[in-house]
Amino acid sequence: MGSHPITQDNDLDPPTEPGERYFNRELSWLAFNDRVLAEACNDSYPLLERLRFLSISGSNLDEFVMIRVAGLVGQVQRGIDEVSDDGRSPREQLNAVVARLEELSERQQDIWRNLRVQLADAGVHVADEERVNAEAYGWLKQHFFESILPLLTPQALDPAHPFPFISNEGLGLLFTLRRGGEELVEMVLIPSALPRFIRVPGEDALYISIESLITRFAKELFPGFEIVGDGTFRVLRDSDIEIQEEAEDLVRTFRSAIQRRRRGQVIQLEIEEEFDPTAEALLREKLDTPGATFVKTDGMLGIAGLADIVDEDRPDLKFDSYSPRYPERVLEHDGDIFAAIREKDIVIHHPYESFNVVVDFIRRAAIDPDVVAIKQALYRAGTQSEVVDALVEAAENGKSVTAVVELKARFDEEQNLYWANKLERAGVQVIYGFVDWKTHAKVAMVVRREEEGFRTYCHFGTGNYHPITAKIYTDLSYFTADPRLGRDAAKLFNFVTGYVEPRELEMLAVSPIDLRETIYAAIDNEMVNAQAGKPAAIWMKMNQITDVDMIDRLYEASQAGVEIQLVVRGICNLRPGVPGMSDNIRVKSIIGRFLEHSRIYAFANGEPMPGTSSTVYISSADLMVRNLDRRVEQLVPIDNQTVHDQVLQQVLLANLLDNEQSWELQPDGSYFRVEVGEKSFNCHRYFMTNPSLSGRGGALEAGAVPKLALRKGAV
């Protein structure tokens, strides 16, 4: 992998048919989940970590059904015949997706059966009825009567009783009862407050699923009846929220929309393979909505529920614990984050470096008497947020505090409404941004009174201000006191709070204004350099790439001889390695202990890559239409040389060199694991064992970080 163009046969005409140029977005998303599922079979991982990947794959598929499948069902029902970028109608996509979902679901069950045996061998027993001895039975019975039975409400399904509402992701049981020659069907919905698995006390772990526990003691629910059949079912509903642009009260509109989502159209009804026929017929009749799919599962319903078992206290079955580092540069200044930033820009690489640095940035601003103003954009902040607490404290301390709270963050709408209300009560000026655009930018600014006048300190991130995801997502936090970026950040906030379109930005690019054009210009510059015989290369790292105009621009660059290396964790509509179209493009995906989430865009700029002259950006945006045209995002150029070296020659290069947890995308859409070869390299392990460049401070001279170098054949 050098920086010089690769020659190609320019006599070949590039493909013109959509299906030959682009992959289908939905199928590419499912291919990502297939790679996640493959980690559940990774023998090099501890057992409970493999179970975690299986659980994540289940959660991913649930969300896919609730959002993407629901969207396709809606298009089919409305008669929409607009084709996708790869030329498929909604009906064709839906058929392909449903077939692929069936394959993935069957594979999940096969993997679960295998893992269940291995877990039992390791002393973790799940749904193993043979291990329920007299002592365990006694404890389970007492637990059922004390903690389960009071929460259950059996409901008869007959003309005298309305059919009960089953909430989204609702899990329930149907029992066919008999007494005096008459049959009756009863439904028991399992409250979401109950855990999916109950652990029986004991040295060896024994977990019993909530549905099997209720079934075991069902006679206590129906005294005097004979139970002649039973079965477990699960419902997934349309969970997307659509907000009309003319909405007058955004908060009230979202509260109503959240209520509607709970009652969205049924998209999938999942039942056990051995479901009672009488109960099944009734359930189908009552839930037979147009477009709903019925799935019979030979195994566990709602495999995401296995997350309960991952919490088992067995360190020997999990990854070795890891404690993130706190940057030495900040410690050298006795924890004064502002002094550390004044000395030099810093980039923090999460989760290898502590998210507490970000929290401390806001917390210190809240109590610093010289800080006069704080502005913060919040997209996802979690259920417990020290950042929100610090903003509240700042407002209570008399500082001017502005928070942009995005209500349209999917599945976090209700939590964000809560945070907005808490912030407003404390005196924070809360802004909800645009009705038709999401504010996805990750930015905070602090204005501080100093001897020379007011100075602005900024934080730009690639990830959310979320304490939980910051422990498992790889992201970058860039701290700077560069006055140019401070002025740009102020204009960005004014854009969101007052709709004042930023003009004459000095460094930042902002979508939907000029972020797309900034990346276009950088790609075009590489084409000019390639045609002039100069080194020309593009390295990009992102979560997804689906924007066809951006993909076409990269195809043009490939045809011009620009070498392009993409690290795309998830959806990739770009088809690499196609003669005459994308010969010079290679795409890889990294799936490992941590979830790759940072976005980095780098361009050779006429010199061999990686080099000091390379143009490097970090961003909140992926290369998707929504990020480039329908969201407020930021693209931040990296000028500081130490930070530049860290982002390009440490973070991005390590991702390209990784061969232990990497998959390479083939021209036909399949992914193959990258061969380790003579020298193995795991980028997650490298970051866990080597400190970053910009955060080391004076310690950098005492102990240099091992320098990475390109090697031939690396992706």
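Any Cβ shown, glycine's included, is placed from N, Cα and C.
Under the three-state DSSP scheme, Arg569 (ATP binding site) falls in the coil class. In the structure as shown, the Cβ atom of Arg569 (ATP binding site) sits within 10 Å of 23 other Cβ atoms. Residues or ranges marked as ATP binding site in Swiss-Prot: Asn60, Tyr473, Arg569, His597.
According to Swiss-Prot, the Mg(2+) binding site annotation covers Arg380, Arg410. Every protein chain shown contributes to the tally, and the Cβ of Arg410 (Mg(2+) binding site) ends up with 13 other Cβ atoms within 10 Å. Annotation note: Arg410 (Mg(2+) binding site) sits in a coil segment as assigned by DSSP.
Listed in sequence order, Tyr379, Glu406, Ser620, Ala621, Asn627, Arg631, Val632, Glu633 are the same-chain residues at least 6 apart in sequence whose CB falls under 8 Å from the CB of His440 (active site, phosphohistidine intermediate). Residues or ranges marked as active site, phosphohistidine intermediate by Swiss-Prot: His440.
Counting in whole angstrom, Arg410 (Mg(2+) binding site) lies 18 from Tyr473 (ATP binding site) by their C-alpha atoms. A C-beta separation below 8 Å, combined with a sequence spacing of at least six in one chain, links His597 (ATP binding site) to Thr462, Gly463, Thr469, Tyr473, Thr474, Asp475, Asn543, Arg569.
Counted within 10 Å of its Cβ, the other Cβ atoms near Asn60 (ATP binding site) come to 19, all protein chains included. On a Cα basis, Asn60 (ATP binding site) lies 18 Å away from Arg380 (Mg(2+) binding site). Each of Asn543, Gly570, Leu595, Glu596 belongs to the same chain as Asn60, Tyr473, Arg569, His597, is absent from that list, and has a C-beta within 8 angstroms of the C-beta centroid marking the ATP site.
Residues Asn60, Tyr473, Arg569, His597 are the ones the record ties to ATP, and the longest Cα gap between any two of them is 16 Å.
Its own atom aside, the Cβ of Arg380 (Mg(2+) binding site) has 20 Cβ atoms within 10 angstroms in the protein chains shown.
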